[in-house]
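Notes for the one structure printed next.
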Amino acid sequence: MGVCGYLFLPWKCLVVVSLRLLFLVPTGVPVRSGDATFPKAMDNVTVRQGESATLRCTIDDRVTRVAWLNRSTILYAGNDKWSIDPRVIILVNTPTQYSIMIQNVDVYDEGPYTCSVQTDNHPKTSRVHLIVQVPPQIMNISSDITVNEGSSVTLLCLAIGRPEPTVTWRHLSVKEGQGFVSEDEYLEISDIKRDQSGEYECSALNDVAAPDVRKVKITVNYPPYISKAKNTGVSVGQKGILSCEASAVPMAEFQWFKEETRLATGLDGMRIENKGRMSTLTFFNVSEKDYGNYTCVATNKLGNTNASITLYGPGAVIDGVNSASRALACLWLSGTLLAHFFIKF
């Protein structure tokens, strides 16, 4: 804001006005807020970015001249506008009040503003400080990330605002009330576990407006483990189903074996069906030769695991090792090579 807006005035008029203002606000005059001889001290004005700020100066009939300044820049002198900023307008100029408005306030408008008056040939001033508040805004946040279990992870969330916002990280994929993680721009997780996967929420708050919230997803890879594998009893001629459930990220791939033979859909009236975490081996018409131990193998890029499941008939004793036909299944997996040995004893 400056005096250049009146360069279109005749130069003589400009000189006269300049001299009058020099007389009005002489160099070295101290700022006095709350002076007993000044009509009224002014409180600080606080507005949000984008709103309008009204600066009010209470005066009386002793005032002969009055002006508003921003630091050393003249905005208005009486009804004469010196600022070239179209956002600055005069609201009231009466014997009791002299007020201006700054529209669409921005952060660079923040600072001291001075109301200067001339009374009884003595200049007096009162200062008001304009405070501009800015809602919180997250400017930079980490992207979604995939890591292996046991790795270290650092998430970043940078936010701006006035006052400076408080940044909080929270894990959303846990029970309510247990999701608080940290109150910092950086979230560091060492030796990450599979139950620490999921969405993490960054919230920036400064009480000026609603918090700015962004989310980051962490995917934790881990090798398979079989969570459900149950022996099944069924009579000859009936339908029998063996099921095998495995948790893994990425999703596990399943294979079924009986002794040293890898099974496939269509082999001897069997069907293998894989759906997500579950794999089933279905016998549509169980015969005596179908009874025995079967091995479910779950594999992903981080490792493998297996479980032995028994299909048995009526009267069979199953206690983990069949008393009629004890067996030990051993599996070695390396890359895509899988060797299967079935040892009876």
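The backbone N, Cα and C atoms fix where each Cβ goes, and this holds for glycine too.
According to Swiss-Prot, the features are:
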DISULFID  C57-C115  disulfide bond
DISULFID  C157-C202  disulfide bond
DISULFID  C244-C296  disulfide bond
DOMAIN    39-126  domain 'Ig-like C2-type 1'
DOMAIN    136-219  domain 'Ig-like C2-type 2'
DOMAIN    223-310  domain 'Ig-like C2-type 3'
CARBOHYD  N44  N-linked glycosylation site
CARBOHYD  N70  N-linked glycosylation site
CARBOHYD  N140  N-linked glycosylation site
CARBOHYD  N285  N-linked glycosylation site
CARBOHYD  N293  N-linked glycosylation site
CARBOHYD  N306  N-linked glycosylation site
SIGNAL    1-27  signal peptide
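Annotated features taken from Swiss-Prot, shown on the structure.
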residue : record                      : Cβ within 10 Å
N44     : N-linked glycosylation site : 10
C57     : disulfide bond              : 26
C115    : disulfide bond              : 23
N140    : N-linked glycosylation site : 11
C157    : disulfide bond              : 24
C202    : disulfide bond              : 25
C244    : disulfide bond              : 26
N285    : N-linked glycosylation site : 12
N293    : N-linked glycosylation site : 22
C296    : disulfide bond              : 23
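Note on the domain 'Ig-like C2-type 2' (136-219): its mean pLDDT in the predicted model is 92. Distance noted between the C-alpha atoms of N285 (N-linked glycosylation site) and N293 (N-linked glycosylation site) is 17 Å. The domain 'Ig-like C2-type 2' (136-219): residue composition by secondary structure is 3 helix, 49 strand, 32 coil, according to DSSP.
A distance of 79 Å separates the Cα atom of N70 (N-linked glycosylation site) from that of C296 (disulfide bond). C202 (disulfide bond) has N44 as its nearest neighbour among the recorded positions N44, C57, N293, C296, N306, going by CA to CA distance. Remark: secondary structure over the domain 'Ig-like C2-type 1' (39-126) totals 3 helix, 51 strand, 34 coil, with classes taken from DSSP.
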